[in-house]
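K.L.:
Taken from TrEMBL, the feature domain 'ABC transmembrane type-1' applies to A:59-264, A:352-546. Positions annotated as transmembrane segment by TrEMBL: A:12-32, A:63-85, A:97-117, A:137-160, A:189-211, A:243-263, A:292-313, A:356-378, A:390-411, A:423-440, A:472-492, A:525-547.
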Amino acid sequence: MDNNRIFRRVGVILALFLLTISIGVPLLLIFWQSVYPDGQWDWMAPIRTITGHHLSGVLLNSVWLGICVVAVTTLLALPLAWMMAKTRMGEHRWVDVILMIPFMTPPYIGSMGWILFMQKGGYLQQWVPSSAGWSELFFSFWGMVLIMSLHLFPFLYLLLRDALIRIGGNLEEAGAVHGARAGYRFRRIILPLLLSSYGMGIMLVFVKTIAEFGTPATFGRKIGYYVMTSEIHKYISSWPIDFGKATSLASVLLSVCLVMWYMQSAMSRKFTYRLVGGKGQRSKRYSLRGGAGWLCGVYLAILLILSIGIPYFSIIAASTMKLRGSGIAFDNLTLDHYKELLSWGSVSMKAIGNSLGLSLAASTVAVIIGTGFALAIGRSSSFMQRVIDLFSLLPNTVPGIVMVVGLILFWNSPWMPVTLYNTYGMVVLTYVVLFLPYTVQYVKSSFTQIDGTLFQAGQVFGGKPLYILRRILIPLILPGMLAGWMMTFTIATRELVGSLLILPPSMQTSATYIFAQFEQGQVSLGMAMAVVTVGMTVLMLLGIELLNSKRKWNAS
Amino acid sequence: MLGMNTRKKSAMLLLTAVMSISLFGCSTGNTTTGNAAQPAGEGNTAAAAETTKPAGGKLVLYSAGPQKLADNIVSGFTDKTGIEVEMFQGTTGKILARMEAEKSNPVADVVILASLPSAQALKADGLTMPYPDAANADKLNKDWSDAEGNYFSSSASALGIVYNTKLVSTPPTSWAELATPAWKDAVNIPDPTLSGSALDFITGYLSANGEKGWDLLSAYKANGVAMAGANQEALDPVITGAKSIVAAGVDYMAYSSKAKGEPLDIVYPEEGTVISPRPAAILKSSPNVENAKAFIDYLLSDEAQKLVADAYLIPGREDIEATNRANVKDIPQLKVDWNWMSEHGEETAARFSETFK
């Protein structure tokens, strides 16, 4: 027992140290810059910025967008999570990988796909000229909510599905034995047990939405809907540069997210139950026959068409066009862009190589560190643990670009003995910091639901801490680790905002390559790169899924 | 009770730890920033005295504008001098943001921007290093470059009315025409906070027309002109046919798309337009000064100026003409005041965004 406590204490201290240098200090430097603009101490600077720039309207825009996206992602993800956890449809494991595609697609590419499809003279109108009215309906606030929800719902879905699987069938059966009807069972058994995962999921969706930059920059600008991130980005990347204002706005955004975090963690502490006990679990899967089966199938099909079909139709169409001004026609098709892209030794191939290498390195490091953090946080019972929880979540609540600027200020400062800036290591560090919250959240979510009696059982039978770790803990949190690893890998391969600022000169990743092509007017080449990189990631994930299919965890 | 205590204690501990780290970090940071420039400067002059001719080594270039052109210039320069170039390619805004983030530990030697006022601002902030002896500098267009050699505009582009030839049969010939009902909801204008050239057009138009220049811009807004991102982002919907026209579109993009076969063309309105120079400057913090000077010399050489012309840009040297596009003498120009434009850029961009939001 003492051994264990020392183990934990050391873990907590190590985690705090790592978090301080990788997240705490860079963010403090940002705040420092916001009250110390032009080399003069000015406490009022952030307050002036906030009052003087119609900020309240923009802030409300952000929050309202976040709320609506949370509502729509819930509508999309909850039924699907239930189907995949409780019915025979769950045996189609490929669905999980396919559903990662929207999340792997860079948000600005997904929005571009929708814009190309729906705009005046777009792909839809080239087929169905009478659809002009839809275009106007679509280019509105609700169109933006739909695009963002379709991008983010897989994330909530994965969390909910895992939670539903963990809940298992016994508890529900117990309810049924005691005569509870389906509706009552859902309300009194499933819902409360689901609440902690759901809270975590919607908090992350909310935060992702209000910290998202790609869709507001492409779609939001078109419909005149401005949010906090577009304002921050404006101050940080267009002339005249004003880090002071950007950081002031960022601190407001951060505060909103912290309030969300506090609410979520309070709720989660109240509604966390130990579900993975030693008794083994069976979950009952309903076989779907007749109408119900059809309904589920149709639901899945519509979801796939909206989230993948339409955007990818546009992306692929745009990537195979000779002349973009000529529209969809057979004599306008070409594969030249792919040939140019995939010619050996080209800039684009180097960019792909860089992306893969960086993402592999970053996701592996992130899983190791993130798992450590998640275990140190444990059930967030002590104050220190909650501090770690908060800190490890920060990168997800600060807009990426702000976090990155903080990292640069820190790792490029003259008083640092080693300047990591402008090296490969800096890129890996940035990715790890940016995506650490995923691993931490996933592992934490599986860890908090393990019943402590399992470890006690291990100890009773004489298991040493390392043995317990290896034979009990790791196997039980492995799905969380794997999910975190996959998430980090897939997002790192498309990370853009940070890469634009921290990549050493002359080094490109696939995302900055795509962005550069758009900037240069080579939209087709950029779209081809998007198809290739997302395609590669999907194949890789399918491979992992195949390797993994033998390992059945907690399934019937 | 015990729990309370440990909790309080650990909170205090954390607070002091964080504060001491931040104070230590910032105070040392500030004292060294001021000093850091000097030893670096000395090192440079020492190096400059020893080696008069650049022998290999490297150069870090931050470049805005067409990537193909930058790639060609870089490879031509490396072939000639043996100097390896590390290049960061982005928009003017991104480059300035990167420079700001690197302020305490700069790595760039040379920047090429797409907007003259930004270069003037760099000079005013004392970030540029004058190089009055640059070869061929005397042949440059005087209005576009700094007399003291702080920046050299090696290329320029003119702003015009770019239109989709499938949708527009008789293109408008004046800026005022775009405010007429014929073009309602069919026009894009680039965002001046993202596009240096669009800002040059707007401030240039205002400097020539005074406060009543805003009448045209308000009429644009009333006619449904949409503010649409940087240059390429404003042009794309015109290529695909979602919009018909870009007002104040960059001409070299139109020429190169047209050469590819896209249904695009450009007119320069009769009231005159603004030509937006693209300045290159050596940074005072440059660790490779000699190589940077050699690069500026190369930018102004016949060879590089020919590459500029091939990229559909206007060469910066007055003695070289482009054959694939309208040259300076063919383009009606507004009487603009660059000093006024530099001074009022920020407020104009802000007022424009407010109007068009």
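Cβ from N, Cα, C; glycine included.
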K.L.:
Counting a contact as 3 or more Cβ pairs under 8 Å, with residues at least 6 apart in sequence, do the transmembrane segment (A:390-411) and the transmembrane segment (A:292-313) touch?
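P.N.:
Between the transmembrane segment (A:292-313) and the transmembrane segment (A:390-411), which are separate recorded stretches, there is no contact, as judged by 3 or more close Cβ pairs.
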K.L.:
Given the cut-off of 8 Å on Cβ pairs that are 6 or more apart in sequence, determine whether the transmembrane segment (A:97-117) and the transmembrane segment (A:472-492) share at least 3 such pairs.
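P.N.:
Stretch pair touches.
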K.L.:
Under 8 angstroms, Cβ to Cβ: which one of A:63-85, A:472-492, A:525-547 has the largest number of such pairs with the transmembrane segment (A:423-440)?
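P.N.:
The stretch I would name here is A:472-492.
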K.L.:
The transmembrane segment (A:472-492): which same-chain residues, six or more beyond its ends, come within Cβ distance under 8 Å?
P.N.:
100, 103-104, 158, 162, 276, 355, 358-360, 362-364, 366-367, 370-371, 374-375, 431, 435, 438-447, 450, 454-455, 458, 463, 537, 541, 544, 548, 553
K.L.:
If we skip the immediate neighbours and take only residues 6+ beyond the ends of the transmembrane segment (A:356-378), which ones have a Cβ under 8 Å from one of its Cβ atoms?
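P.N.:
Distant contacts of the transmembrane segment (A:356-378): 8, 11-12, 14-15, 18-19, 385-386, 388-389, 392, 424, 427-428, 431-432, 435-436, 438-441, 443-444, 447-448, 473, 477, 480-481, 484-486, 488-490, 492-493, 509, 536.
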K.L.:
For the transmembrane segment (A:137-160), I need the partner stretch with the highest count of C-beta pairs below 8 angstroms, choosing only from A:12-32, A:63-85, A:189-211, A:292-313, A:525-547.
P.N.:
A:63-85
K.L.:
Other than its close neighbours in sequence, what residues sit by the transmembrane segment (A:292-313), given a CB gap under 8 Å and a spacing of at least six beyond its ends?
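P.N.:
76, 79-80, 83, 87, 89, 95, 98-99, 101-102, 105, 109-110, 113-114, 117, 123, 146, 150-151, 153-154, 531.
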